[in-house]
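Below you'll find the structure, written out as structure tokens, and then a few comments.
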Amino acid sequence: MVKLTADLIWKCPHFFNPLKERELDLRGNKIAVIENVGATEDQFDTIDLSDNEIVKLENFPYLKRLGTLLINNNRVTRINPNIGEFLPKLHTLVLTNNRLVNLVEIDPLASLPKLQFLSLLDNNITKKPNYRLYVIHKLKSLRVLDFKKVKAKERLEAENLFASKEAEEEITKESTKTIAPKEVPNVSEVAEEEQTPKVVAPTPEQIIAIKAAIVNSQTLEEVARLEKALKTGQLPADLNIPGFDTDATKGGDEKMDSDIQNEPNAEPDNMDEEKNEESAPMEQAC
């Protein structure tokens with residue numbers, strides 16, 4: 001954390017920018033508090049305080065020349081309600097990537113009579129309902145918001161939306177409500193779930209196959225795993241049951257019937273053959 005001193009101000013680069021304006025470059029110095037800006041002696045049209053650690057936009061002396069203030073990539077959460085009294089000519093303000101959350105937090109900017117260009121991108125405030133219309137409603141002189149031109153249609157829409165004080169209060173009240181963040185699953189838990197095989201309930205055919213697989217298992221680990229699946233009634237999808245084909249379970253009854261018919265010792269077939277053999281001599285005898 002660096003203190004903004006008069007010595008630092010005059011050691012930092014100052015030059016004429018492409019707009020032919022005199023600019024003071026104070027960016028990237030880890031400045032946390034705006035102070036001692038009077039040391040500039042109001043000699044600059046633009047002051048760049050980007051990439052610091054500023055929390056409050058305040059402590060400006062009266063600077064009648066300053067027209068552009070760049071404070072992107074800071075931590076601004078509060079703006080001095082009377083900032084317009086000290087920066088009467090400020091027309092451009094860049095607050096991209098700060099920590100403004102609620103709509104009412106930009107109300108102090110209404111005290112800037114010349115403000116025409118404003119950027120609030122990458123602030124949580126931009127996610128609030130009616131954000132753009134609210135800013136247009138509050139800052140009457142604004143011409144460009146978040147690098148998009150303010151259209152006459154938007155001005156009319158903002159005027160209608162905030163036609164009454166009650167409507168404005170209701171919308172600002174709504175913006176202050178905090179939305180509970182959605183629970184984000186732990187990365188390790190997600191990875192563990194993805195690695196853990198899904199389980200499915202075994203079918204009667206699979207239960208028979210598991211029992212047979214237990215008898216034919218070659219290792220104790222496989223026996224233990226099969227017994228666990230049999231007891232819990234949950235069959236891991238990656239469990240390989242020796243001699244069992246999942247496709248074969250379809251139409252299992254037909255397959256079992258056909259196997260019975262193909263057995264050499266099946267009683268129905270043999271009985272018919274014996275009857276035929278016995279009836280043949282009897283017919284010849286007649």
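Each residue, glycine too, has its Cβ placed from N, Cα and C.
Among the features that TrEMBL reports, compositional bias 'Basic and acidic residues' is placed at 247-258.
Residues or ranges marked as domain 'U2A'/phosphoprotein 32 family A C-terminal' in TrEMBL: 128-146. Sequence-remote contacts of a segment are chain residues at least 6 beyond its ends whose Cβ falls under 8 Å from one of its Cβ atoms, and for the domain 'U2A'/phosphoprotein 32 family A C-terminal' (128-146) they are 102-103, 106-107, 109-110, 112-121, 154-155, 157-159, 161-162, 168, 171-172, 174-175.
According to TrEMBL, the region 'Disordered' annotation covers 173-198 (among others).
Under the heading region 'Disordered', TrEMBL lists 236-286 (among others).
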So, by DSSP, how many helix, strand and coil residues make up the domain 'U2A'/phosphoprotein 32 family A C-terminal' (128-146)?
8 helix, 2 strand, 9 coil
